[in-house]
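Colleague: Once you've had a glance at the structure underneath, I'll fire off some questions.
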């Protein structure tokens, strides 16, 4: 709260900001504080499918294949023997070991997988495999939490401040060119005061 109050105080007491910017500060705070949050929330829900009907109902799991049947006990055994090994590393090791097995060694697990698939078809005759889409990672500059009103306000005011300064600079140069265009030409007969005045305007 202290940072937000100090930011507001500095904005209202500064002479660099135009009256239009100061009048629009409450609107900026209301419209910008949750702008990124709302867009990210809607994008996150669309990408992960949180509101889809498929997630409300329990999804039917796929029947296990031969590799899954074989790896159930092997994964449990490897995890107990290597408690610090990551799950991804265990999967790599199991995949390598499965490839090293002969067809005769794999055959019992293929038979078990066929039995499980037959039981699955009887239990779920209308089952169709629908792979899930992986949820995309949210941008780093976007948060699901409400944005800090002070930071959003300061960023908006800084942008308007830059535009305001550019307008003031253009107006100043325009006035200087207009005044220089009305100055009398400098010649040898001009007085020292006229030459000093012309030199002063050209140096601005």
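Cβ coordinates are placed from backbone N, Cα and C, and glycine is handled just like the others.
Annotations per Swiss-Prot:
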type     : residues : note
REGION   : 59-136   : region 'Sufficient for interaction with KPNB1'
DNA_BIND : 60-128   : DNA-binding region
REGION   : 61-77    : region 'Required for nuclear localization'
REGION   : 107-139  : region 'Sufficient for interaction with EP300'
REGION   : 130-136  : region 'Required for nuclear localization'
MOD_RES  : 136      : N6-acetyllysine
REGION   : 138-155  : region 'Necessary for interaction with ZNF208 isoform KRAB-O'
REGION   : 175-204  : region 'Disordered'
COMPBIAS : 194-204  : compositional bias 'Basic and acidic residues'
REGION   : 198-204  : region 'Necessary for interaction with SLC9A3R2'
Colleague: Looking only at the DNA-binding region (60-128), how are its residues distributed among DSSP helix, strand and coil?
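Modeller: DSSP classes over the DNA-binding region (60-128) add up to 51 helix, 0 strand, 18 coil.
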Colleague: Please count the residues of the region 'Required for nuclear localization' (130-136) that DSSP assigns to helix (H, G, I), strand (E, B) and coil.
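Modeller: Per-class counts: 0 helix, 0 strand, 7 coil.
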Colleague: Mind looking up the mean pLDDT for the region 'Required for nuclear localization' (130-136) in the predicted model?
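Modeller: When the pLDDT values over the region 'Required for nuclear localization' (130-136) are averaged, the result is 74.
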